[in-house]
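Annotated features in TrEMBL:
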- 175: active site, proton donor/acceptor (ACT_SITE)
- 60, 175, 285: N-acetyl-L-aspartate binding site (BINDING)
- 67, 68, 161, 162, 163, 164, 165: substrate binding site (BINDING)
- 8-203: domain 'Succinylglutamate desuccinylase/Aspartoacylase catalytic' (DOMAIN)
- 216-297: domain 'AstE/AspA barrel-sandwich hybrid' (DOMAIN)
């Protein structure tokens, strides 16, 4: 049996966490001017531009990656003159939407991102045991079908992300591509908009007392990050093989071509199990020494879900 969950009353819609990912920037600015499509009865939905300075310059960040500094150390840093802009901004966001890990934090945040990789409309989860977000993802996937909506689970014992959205009780990343940095594509923006719309619809149905039976969702769980081949000076000496390029979420088997050197040598994948690469050749990850991310397919199940509102109305 499920235990009733409290209704979701406050939702943040974050755009511009990376200032050159334009779908979220444009949507948030549009919703700040005209919020009709994001209004839902009984829910405060707040569209918010997270990194305005980076947006102004159309760059990923000013001093450091805003999407990696929401850890206790950075959120607790004293504000001195030489503190990185994004750390100061993280503290401001934590003040408005948090504090992270507290009862006062926002219920849910959709953090809107673009990728240069061919990932389609992807949802990113951080917690494999969060029944509410698993149920919401199940609802969104069904609403979008037959259009695929892959789900990436970034829960990992040693890879720590400390994302902007992790301020909320239920953090949800929306990662849509392929779209070049500093460019907007109508098809990509539309996919992002639909994911948010269905997510907000789910929240409204949940708040109104609709019950959701137990469900199972297939997700891609992060295993490890893979770097490009490099020489002793740390310079890249091979690039993503054409047969791997744009093949996000497709199975990669032992012996499949992985990288191609400039001399024409093929470097194959060596692994004892089939994996599903994603974030393939992501432009922003060259600086992070990451050619792609290896994932495995797993299933997540969520218990029966209902809002505690229905208890009050029936009592």
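Glycine too: its Cβ is placed from the backbone N, Cα and C atoms.
Taking CA atoms as the reference points, residue 67 (substrate binding site) and residue 60 (N-acetyl-L-aspartate binding site) are 10 Å apart.
Between the listed binding-site residues, namely 60, 68, 165, the fewest other CB atoms within 10 angstroms of a CB are found at 68.
Using DSSP to sort the residues of the domain 'AstE/AspA barrel-sandwich hybrid' (216-297) gives these counts of helix, strand and coil: 3 helix, 33 strand, 46 coil. All protein chains shown were included, and the count of other CB atoms within 10 Å of the CB of residue 285 (N-acetyl-L-aspartate binding site) stands at 20. Same-chain neighbours of the N-acetyl-L-aspartate site beyond 60, 175, 285, judged by a C-beta within 8 angstroms of the site's C-beta center, are, in sequence order, 18, 21, 113, 114, 115, 116, 279, 282, 283, 284. Looking at the domain 'AstE/AspA barrel-sandwich hybrid' (216-297) alone, the prediction's average pLDDT is 97. Residue 163 (substrate binding site) sits 13 Å from the residue listed as 'active site, proton donor/acceptor', taking the CA atoms of both as reference points. The highest number of surrounding Cβ atoms within 10 Å, among the binding-site residues 67, 161, 162, 163, 164, is found at 164. For residue 175 (active site, proton donor/acceptor), applying a Cβ distance below 8 Å and a minimum sequence separation of six or more within one chain yields 113, 114, 115, 119, 122, 123, 124, 152. A distance of 16 Å separates the Cα atom of residue 60 (N-acetyl-L-aspartate binding site) from that of residue 161 (substrate binding site). Cα to Cα, residue 161 (substrate binding site) and residue 285 (N-acetyl-L-aspartate binding site) are separated by 14 Å.
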